[in-house]
Amino acid sequence: MRALRNAVLGHGQVEAQPKPEAGLRPLDLRLLPAATAAWGSALAAVHLPWAVGARLGWGLFLAALMLSGVLLLLLRRPVGERGSPGRSWPRHLLLHSVLACLVGAVVAISAAVPQRTADESGWSEAVEGEAPFEVTLRISGDAQLLDRPGFDGEDRLLADVQVHSAQLPGSGSDADEVPDEPDVKLRVAAVLIVSEDQPLVAGQHYQGMVRASATEVGDRATALLFPFEEDGLAALPQDRWAQVTQGFNTLRAATTEHAQHAVGDGPALLPAIVLGDRSQQSPELRDAMLDSGLSHLSAVSGTHLALVVGALLGILRLSRAPRWMTLPVLLIGIVLFVLLVQPKPSVIRAAVMGGIGALAVFAGRGRASFALLCLCVLVLLIYDPWFSTAPAFQLSVAATLGIVLVGQRVKEMLDPWLPGVLSGPLALTASAQLFAVPVLLPLSEGVQTYSVPANLLAGPLLPFVTVLGTAAAVLSTAVPWLSAALLWCSGWAAAGIGQIGRTAAELPRAVAPWPQGWFGLSLVLVYLLAVLILVVLLVRGPAWQITWLHGVVLGAAAGSLGALMLPTTLWMGGGPPDHWRVALCDVGQGDMLVVRTQEAGAVVIDAGQEPEAADDCLRDLGITTVEMLMISHDHRDHYGGAAGVFRGREVEQVLYSASDGWEAADAMEIEDEGIPIIRAELGDAGRLGEDYPASYRVWSAFSHFPNPNDNSLVVQLYLYETTEAPAGSANDPLRLLVTGDLEEELTAALLRQDRLPQEVDLLKVAHHGAANGGLDLLKSREPAVALIGVGEENSYGHPDQSILDALAEVGAVTYRTDLHGTVILSWEGGVLSAARLPN
């Protein structure tokens, strides 16, 4: 054996390779180049015009033909002229290049075909036009309630649809008459948005007049469709597929009904985990599942399908079924499961992964996991190239890649220290989370700090929900009492998952923001480098063969990952969400508002009482430029912290209102004589900001009242998402009204004289919520959000209960600094959201 190992290859002998060490499973990387090429081709093709995408596909096909010719020439050479086996890399390189070009061509053409259909049929032109047209479409899945109501204030539903035919403008023989049958047959994806009272049944065909709006380049859906007529869309007679779908819809409805008897969060989570139906979840539960990193459990994924497949395998083995039945039963089970949870793209993705896993189990090729993952990517991207842009697909691939690469090795390292029931789930959770973090960072506001322990605790509960719940769904109409009993039992596990999610979401810094800019990018690069080091060391061999040097490097990499995944903000301090617009600063018993107008610039309204508190809030928000400092009046709890605003920042101008004789520069100790200091006057207005545009108007700025509170600056700010536009437009602004410490009598007089704005979305409640601020403004303007700056356990009794009751009566959401700390409001896509700035 030693002679063989030391033999010279040139003498015609082959060097004997040492036997792979126990437990070492080399990866099958043969399909990796093809999968990478398919993904790159898909990303390019879905963002390109169909003609360019088609040329890309045919170009790759011609390249594959040319490379195939070169490969054939190499293979036809005599064996003696091909060189040694160690120099066979040109043939391998050419073979992989041919395969990569071929799959890239297929994916590019697969993306171009539906785009060409949409263009050549006239669909794209009709979508970009303003004329309504008639469509016949099929609902792909259950409609979902949109978070944001329509312009009329009514709730709306959204559903993915497939358009099968359309009577497009000008396509008929007479533009004034609509033929009985639409004459343009096509198959394009779209999104239908209807009012909440329009019933939409999954699998059903509908027909009617719609208006269309174009979607962004790269979207799977080619249009947003809105019913044109008041009656909406008319349901057509059911075809055979609709009847099949209706049967499964009946099972879904019965399952949801039976789940209502479960405990805790079971009624909401059972339909979500078993059927992928999140409509029963409250916003609070949905946010808790997101913040705890458990939201993936309530969306049907490959994990859910794997559990169902595992249960089927167990039944087959217990029943001693012949081996030839395994593959058909598993595939039939997968098809029925997909129909039960509705064949949406995300479910089809899970089905393909589960199907390939079933083939691997049947063929006994467990070591080919990496190749199977690559094959899964190829199949899915050929089927639907738009998967390449789907975050769920990216997360699924990243998590599976982590499990394939290091999951088994991590388990082997944990086995000596933990029992198998803990080492297995912990290894799977940690390895999946390890690779998912870089994908999650751009998709969320930060890192779910407690995701790993939350998943470790919730993971063992998932099989009880999925397997028992799926069995209950199958029996829901045939044996309803048994179905209800199974769901009641599995509901305890679902309630446990919900409780874990709620508890993790309530822990400090459940979502820790990731640093922005170059520093954040540098941390991502460090993270990826640490992951690479861990992967290399973990897959090289058993843990006990790692040298001391490897141990030092491994410890450093693991320490870096642990620090980054905690994440770094645990010692740096948290930051606000990316697209925040308004901050109510916690400065104790005082007022301070910050309205963002630039990436690191803002308008500051009042500064609280202490300079340190004002400086801390602006530093935490990342504000380095103050376009305008507005001081409402001459009480110290509004201007006393002004020195902190100037500390290390450029303040461009000061606008103030105060009693006669009050000198702003002296009171606020402004030393820079070059800063414009302007006393506000009624009607003053201006525009601010670039990255986050805003405008303002002064509604009141007296100086003669003996009570300084009534001399308060009353100003309304209009916050825009893009550029300034009139109210009622697509860029309708967010309206913030700030009233200083204005008291009840003057407020009532201004209202009688119609000298206060009619529309108010956000209201900074006057005088810290004191009773003398009055109720008239609250009741007449009915703000959606109320902001109260107030000190904790203050001696003034602020805010008064009558103010809080009035805000509750008008439906305002109230945020208080004594209860919530510094409150951050984000305004994006027409949706307002609130968050608490971590301390």
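A Cβ is built for glycine as well, from the same backbone N, Cα and C atoms used for every other residue.
Per TrEMBL, the features are:
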type	residues	note
TRANSMEM	31-50	transmembrane segment
TRANSMEM	56-74	transmembrane segment
TRANSMEM	94-113	transmembrane segment
DOMAIN	273-535	domain 'ComEC/Rec2-related protein'
TRANSMEM	294-316	transmembrane segment
TRANSMEM	323-341	transmembrane segment
TRANSMEM	347-363	transmembrane segment
TRANSMEM	370-386	transmembrane segment
TRANSMEM	417-441	transmembrane segment
TRANSMEM	461-479	transmembrane segment
TRANSMEM	517-539	transmembrane segment
TRANSMEM	551-572	transmembrane segment
DOMAIN	586-669	domain 'Metallo-beta-lactamase'
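Outside the transmembrane segment (31-50), and at least 6 residues removed from its termini, the chain residues within Cβ reach (under 8 Å) are 56-57, 60, 96-97, 99-105, 107-108, 110-113, 115-116, 119, 217-218, 370-371, 374-375, 377-378, 381-382, 385-389. Per-residue pLDDT, averaged along the domain 'Metallo-beta-lactamase' (586-669), amounts to 92 for this model. Count of Cβ pairs under 8 Å against the transmembrane segment (461-479): among 56-74, 94-113, 294-316, 370-386, the largest is for 294-316. Within the same chain, the transmembrane segment (94-113) stays apart from the transmembrane segment (294-316): fewer than three Cβ pairs sit under 8 Å, each pair at least 6 residues apart.
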